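S.K.: Pasting a structure below so you can have a look.
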Amino acid sequence: MSQTFGNSSKYLFTSESVTEGHPDKICDQISDAVLDAIIAKDPNAHVACETAVTNGLVVVMGEITTSCYVEIPELVRGVIKDIGYTKPEYGFDDRTCGVLTSINRQSPDIALGVNKSQEAKSGQVDELDLTGAGDQGMMFGYACTETPEYMPLPISLAHRLSKRLSEVRKNGTLAYLRPDGKSQVTVEYHNGEAKRISSVVIGAQHDPDVTTEKIQADIIREVIKPIIPTNLLDENTEYYVNATGRFVVGGPVSDTGFTGRKILVDTYGGFARHGGGAFSGKDPTKVDRSACYMARYIAKNLVAAGLADRLEIQVAYVIGVAHPLSVSIETFNTARMSHEDILSIIQKHFDLRPEAIIRNLGLRRPIYRQTAAYGHLGRPELDLPWERLDKVDAIKATMESLSVSK
């Protein structure tokens, strides 16, 4: 029999996260800051904002159709300052970096399908049919019972480590740290249950006059130990802190960053499948973003209601059509009812048309920049609409009625 996550006596899984100062994450935050600024003034704007950052230069580009005006260079510098790139010795800072913009309007060919869906063109009058999907593609959502936030443990811990790394920099606990950084966690599973942490990896950018030994001791004490549960650590857990021995040059000085380069960091750390579309800089008519959020919302509520311990949902769309082409689920042999019944519950309680998703989750609001670092999903410290468990009671009631009818 093949060895799988659920039946293997020893199964290692690794996920990574990055800090807000990572070059790719700088770009995600800038793109979402532009989106938030526009959607706050014009909720129906169409935004596809991409950012590139390199040594001394930020380029913001994309397709934006809106009735409002925002000062993009000012937004860019504000994000860079908030992240912590404020010192010239970093080689990149908010005051001296160049900012270039190249913005066009959304293609009229795309607007034909988004502004008026195929269903609306055929004469149907349901207002939720009016908005077509902004592109073709497939989107995935996932939830599991490993953590209180229904996320896989490896990515949950990796995000918390990266966030802690930024916290100890900003609050002065480890004032020698610089904004760039990464984390990686390997969890050892036994028959589908997390048993121990096999290894923890931290990359922390730092000032040049700090010894490797001090950094390693400080990071283990101030970052790793406060985050990783002690019952998952043992004498064989391996710690790697700045494994090359030095991480002074970082951020856009050492690596060019782009929006959308950290799609697994943004989602489930590789634990679930991914359709390939990025989130940041996209308004909610782009199903790459809104349908992934909705799929997470569905999966989380279904798992919280007890339908399965692990559940992945796939939704697929075609550009200009409101209704999804397909909806499918995978429960990894943990379901407590048939897949047919689960799909009927999804159909009963969740409307997957883009306009319905936007309205039900309240997505035409400036809520996106806060998601652009440390994950779009899970995030118990944020009140994200796709993380709410407000469908659990209704799902349980339907489960009971289905059981009675059989």
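Quick reminder: no glycine exception, Cβ is built from N, Cα and C everywhere.
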S.K.: Among 106-116, 172-182, 271-281, where does Swiss-Prot put the label region 'Flexible loop'?
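M.R.: Checking Swiss-Prot against the ranges 106-116, 172-182, 271-281, the region 'Flexible loop' one is 106-116.
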S.K.: Whole-number Å only: compute the distance from the Cα of G181 (ATP binding site) to the Cα of K286 (L-methionine binding site).
M.R.: 30
S.K.: Let me check the 10 A CB neighbour count of D255 (ATP binding site). How many other CB atoms are there?
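M.R.: The Cβ of D255 (ATP binding site) has 15 Cβ neighbours within 10 Å.
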S.K.: Below 8 Å Cβ to Cβ and six or more residues apart, same chain only. Which residues does that give for D24 (Mg(2+) binding site)?
M.R.: V18, G257, F258, T259, R261, K262
S.K.: For H22 (ATP binding site), what is the secondary structure state per DSSP, taken as helix, strand or coil?
M.R.: coil
S.K.: Using the residues the record lists for ATP (H22, D180, G181, K182, R246, F247, D255, R261, K262, A278, K282), what whole-number Å value is the largest Cα to Cα distance?
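M.R.: Result: 36 Å between the two most distant Cα atoms.
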S.K.: Quick check for the class: what is the C-alpha distance, in angstrom and rounded, between K286 (L-methionine binding site) and H22 (ATP binding site)?
M.R.: 25
